[in-house]
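Accompanying notes for the structure given below.
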């Protein structure tokens, strides 16, 4: 008789297992691989970012635009290596918040949690405002006032995440997929008109500051790629599908950005203009090379991608608030799950209120939405970079703690930690030195305030302290020899 | 309950022989043998066996071990301990050793009763038996097969049949009246929902369940279906117990 046969015939009792999972109520293992990938891709929104990222990078990096985008892709890959140390081993809803809590303790976890929540909420505000600004001209023709447009767009962001994890992810995939397909088709069509890129005719002066700033700005096109990890509990074959989704989102986005930058540089060169001086390159290119109706179609496609990003960010944010609710770091009702839809309804509604509130209010009082988008993206990027740096520090520590060290991932995670930390500091210093000084300080204040409140809660509640880092623990029903 | 990992190389390596040259990695068929060896190793060492211990015991590289334990954990043959350090065997490994055909014999009369029911309800009608904590499909509707038979094994708690068993047990424990049915309808799901009706024996133990899979709309108000099914269930109760 082998040991396995013996174990099956007479299971060894494994005491101390819970009878229910701390995340009970969610629709466990219901979301398929493509939808999990869709969550991450939609949150990163590469289709919409092709309109913002290349020009943003070109403005600061000049000749180093393409190298900066490639460098950002590699940096994002380093972060994905660190994130996947966790996603391969634990199914959680709290994403980087839970990961950092497990590895570096509750206090560091709270910093990561506040940072990533700032990231998701501001990227969602950016996306929502972006959708409104792209749909603005169309809405005007249809007689919809700009003030009404934002609340109308916020409606799907509230409703879709309440449909259940699987359907929400499917909607986000279809929206982002349609948008992406159109952008790629147009890109290929444009390439056939302009001919192959003429590298010799372009400027290649690479300056170190330009490269660093360009890389950090290009990174904003990737943020959100880790959001598949918020579906850890709800994904099927979670230890395979989630890490794959995280890595592939970076690869897919990277390829799209490299393509978009090459194409935009080529096309602007053909027009005899400089990409960095353009305000809206995709629209200007469609006006220059395409038929007149194309601009409207493009606007709708980009708005779709932005909306998918807002929806995916709301989903991710809700899962993190849910985790904090179940841990009692936030009030208990954040951990409530609707029995029929099996989604954290309260956390979702709060997330959407936080996302939709500021842009809707700003539009109502008549603030300049374009300027506001600039503020949102800076706050979001700073939030994500903070959380990424922490998770890169956390990954090697976690691997050591659980007795599964891995030399390569340690080296890569540490490189990520150093490079991302340096990027974050550069980014913030740069913002302080330029027009966005107030925004950079606002980020520091928001992060400090959130962290302070979180630490206060931890100090007062031993239960919360004990529960932080909660994940979908195995129950006695899952194991051989569990006392049921 | 008899199975063995008959390959002589494997047996030799379990006994400590060195790995052959050009060791296999997770992409090759040898991975399957490694996977079984890993289960064997965890069974031998007991709950809390770490990936490093497995890697040392089997003389397989760490990277391959990590990859294989992840695949085994994905399918719940291995389960990571609550502190995330080390593994224990998942309930699913019991399937490996389960007899090939554990399903109880179904009498001709019972099969006819099921066929009559299938004609009357125009939906997928299936019979499952409870065996310990496992749910065994005894008679599946061949015209309208089960939408997700795998889930009955991997996550019974989320199926109608599993919910029925849990509710039945709870009612017995608390001395309440046993439930008349259990449902599993995924909200807005394009898939079919499922209704489970209990088939108890004389002593009041849950022996089997009749599952009816139909579009969620038909299950929203199960009274019409239930009226047809209840007579069939009482007939089955007599034939099965």
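Any Cβ shown, glycine's included, is placed from N, Cα and C.
No curator has checked TrEMBL annotations; they are predicted automatically.
If you look up TrEMBL, you'll see A:54-435 marked as domain 'Amino acid permease/ SLC12A'.
Under the heading transmembrane segment, TrEMBL lists A:64-87 (among others).
Residues of the same chain lying 6 or more positions beyond the ends of the transmembrane segment (A:108-136) and with a Cβ under 8 Å from any Cβ of it are 43, 45, 48, 52, 94-102, 146, 149-150, 153-154, 157, 223-224, 227, 299-300, 302-304, 306-307, 309-310, 313-314, 316-317, 320-321, 324, 329, 351, 354-356, 358-359, 363, 369-370, 372-373, 376-377, 379-384, 386-387, 390-391, 394, 443, 446-447, 450-451, 454-455, 458, 468-469. Annotated transmembrane segment per TrEMBL: A:108-136 (among others), in sequence order.
The transmembrane segment feature in TrEMBL is assigned to A:142-164 (among others).
Nonlocal intrachain contacts for the transmembrane segment (A:171-192), taken as residues 6+ away from its ends with a CB within less than 8 angstroms of a stretch CB, comprise 34-35, 37-39, 41-42, 45-48, 50, 160, 163, 256, 259-260, 263, 266-267, 285-286, 289-290, 294, 297-298, 301-302, 304-305, 307-309, 311-312, 315. Per TrEMBL, the feature transmembrane segment maps to A:171-192 (among others).
The feature transmembrane segment is assigned by TrEMBL to A:212-233 (among others). Counting only same-chain residues 6+ beyond the ends of the transmembrane segment (A:212-233), those with a CB under 8 A from a CB of the stretch are 23, 26, 28, 31, 36-37, 39-40, 42-46, 49, 52-53, 56-57, 60-61, 64-65, 67-69, 71-73, 75-76, 79-80, 83, 86-87, 90-96, 99, 119-120, 123, 165, 169, 241-242, 245-246, 249-250, 253-254, 257, 309, 312-313, 315-316, 319-320, 377, 380-381, 384-385, 388, 391, 423, 426-427, 430, 471-472.
TrEMBL lists A:245-272 (among others) with the feature transmembrane segment. Long-range neighbours of the transmembrane segment (A:245-272) within the same chain, counting only residues 6 or more positions beyond its ends whose Cβ lies under 8 Å from a Cβ of the stretch, are 33, 36-37, 39-41, 44, 46-47, 49-50, 53-55, 57-58, 65-66, 69-70, 72-73, 76-77, 80, 83-84, 87, 180, 183-184, 187, 190-191, 194-198, 201-202, 218, 221-222, 225-226, 228-229, 278, 281-282, 285, 288-289.
Under the heading transmembrane segment, TrEMBL lists A:292-322 (among others). Among residues of the same chain six or more beyond the transmembrane segment (A:292-322), those with a C-beta under 8 A of the stretch's C-beta atoms are 38-40, 42-48, 51, 93-95, 97, 113, 116-117, 120-121, 123-124, 127-128, 130-131, 134-135, 137-138, 153, 156-158, 160-161, 165, 168-169, 171-172, 175-176, 178-180, 182-183, 186, 224, 227, 230-231, 282-283, 286, 330, 334-335, 337, 343-344, 347-348, 350-352, 354-355.
Residues or ranges marked as transmembrane segment in TrEMBL: A:343-365 (among others). Remote same-chain residues near the transmembrane segment (A:343-365) are listed as 26-27, 120-121, 124-125, 128-129, 132, 146-147, 149-151, 154, 157-158, 161-165, 168, 310, 313-315, 317-319, 321-322, 325, 333-337, 372 (criterion: CB distance under 8 Å, separation of at least six residues from the stretch ends).
Annotation source TrEMBL lists transmembrane segment at A:371-399 (among others).
Residues annotated as transmembrane segment in TrEMBL: A:411-432 (among others).
Per TrEMBL, transmembrane segment is recorded for A:438-458 (among others). Under 8 Å from some Cβ of the transmembrane segment (A:438-458) lie the Cβ atoms of residues 106-107, 110-111, 113-115, 117-118, 329, 375, 378-379, 382-383, 386, 428, 431-432, 464-465, 468, all in the same chain and six or more residues away from its ends.
The predicted model assigns the domain 'Amino acid permease/ SLC12A' (A:54-435) a mean pLDDT of 88.
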